[in-house]
Amino acid sequence: MALVTTAEVCDANPQLIVSGELRALQPIFQIYGRRQVFSGPIVTLKVFEDNVLIREFLEEKGNGRVLVVDGGGSLRCAILGGNPVVQAQNNGWAGIVINGCIRDVDEINGCDIGVRALASHPMKANKKGIGEKHVPITVGGTRISDGEWLYADTDGILISRTELSV
């Protein structure tokens with residue numbers, strides 16, 4: 001999706017928007033990481049103020065996927081830091097979207113990966129390993145399922161039921 005913007009995708013696919021197959025997340029996310037434009041199939045994760053499962057996912061091969069984490073919108077601690085983002089970059093993840101906070105912003109901004117999060121926070125998360133993998137989540141006012149596709153650029157984030165031929 002290097003040359004086609006999210007705005008152009010929306011303009012070209014009004015029928016997919018009406019049917020709900022193409023949805024835009026609410027504009028609540030800050031842009032981090034060097035890759036401002038990214039896309040890929042979604043892996044979903046639901047956690048709350050706990051980063052163990054996030055780290056486990058990012059230690060796996062990403063194969064161009066995007067990890068979308070419903071962190072409950074918590075602004076009380078960071079559930080993603082620099083080390084896992086470096087691992088994600090090295091393991092071939094296209095991007096990470098966090099409905100929550102991150103930390104180590106300077107380190108993350110040096111990584112060739114796309115990261116979106118609500119804000120940054122200096123406090124670290126719990127390490128209990130509690131959460132749900134591959135479940136439907138609601139982030140940015142939108143229901144997101146494992147296996148759907150995410151398209152992100154500086155205008156925003158789109159979720160599509162299927163891969164778009166753009």
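Note that Cβ sites are derived from N, Cα and C of the backbone, with glycine treated the same way.
Cβ-based neighbour count (10 Å, all protein chains) for Pro84 (substrate binding site) stands at 24. Annotation source TrEMBL lists substrate binding site at Gly81, Gly82, Asn83, Pro84, Arg103.
Taking a C-beta cut-off of under 8 Å and a sequence gap of six or more, Asp104 (Mg(2+) binding site) has these contacts in its own chain: Gly81, Gly82, Asn83, Val85. Residues or ranges marked as Mg(2+) binding site in TrEMBL: Asp104.
Take the CB of Asn83 (substrate binding site) and look out to 10 A: across all protein chains shown you find 12 other CB atoms.
Neighbours of Gly81 (substrate binding site), defined as other CB atoms within 10 A of its CB across all chains, total 19.
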